[in-house]
């Protein structure tokens, strides 16, 4: 038991399943949020956006194609922005893991989005959310050494399928543990969409502040860990 506690203490928060589960929960929550508050639009649906982009080009619906291309572009820019933030912070010798600041930046940005009234154009808000979901996607990309996405699900579902096959070998207990862990992680996205929907129905645009609070807590979790091990 002591060895397990010591191992947990030495493991950075962002490499632990609970931390990744909470961040993935936020990704699902944001889908529920934009669906309810912004005309049934899902912030994280870029596989579908790619398909609809191509379909509308084929049909000659150029404006409609542009409508689906813009969120793809904002997601790309969000990913690039995360790398820019990382580069700037590392160059300025930011103490500790740069992602604790990146989480605060995302939390503040989502809080500001929560100040925008329902009369504010939906297309601007949903693309802002898409930007920060692309940004978040690049902050935490693995769990237990396995690639994992916190704002999209297709790759995660694939991993669950592969772990399911491995778990069929009853002597391979580690694969069964991974199957359970990554199934929970993957479905935490759907679980996040439940309160994301219900709270948005109750609080409207301000419901996004729940995510801001969660991200602040996640950042503090990293800070507390680094403080304990003397990294800052």
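Every residue, even glycine, has its Cβ placed from backbone N, Cα and C.
Check TrEMBL against the ranges 46-67, 68-89 and you find transmembrane segment recorded for 68-89. Checked against TrEMBL, the range among 156-178, 179-201 recorded as transmembrane segment is 179-201. Taking pairs at least six residues apart, the transmembrane segment (179-201) and the transmembrane segment (18-36) share three or more Cβ pairs below 8 Å and count as touching.
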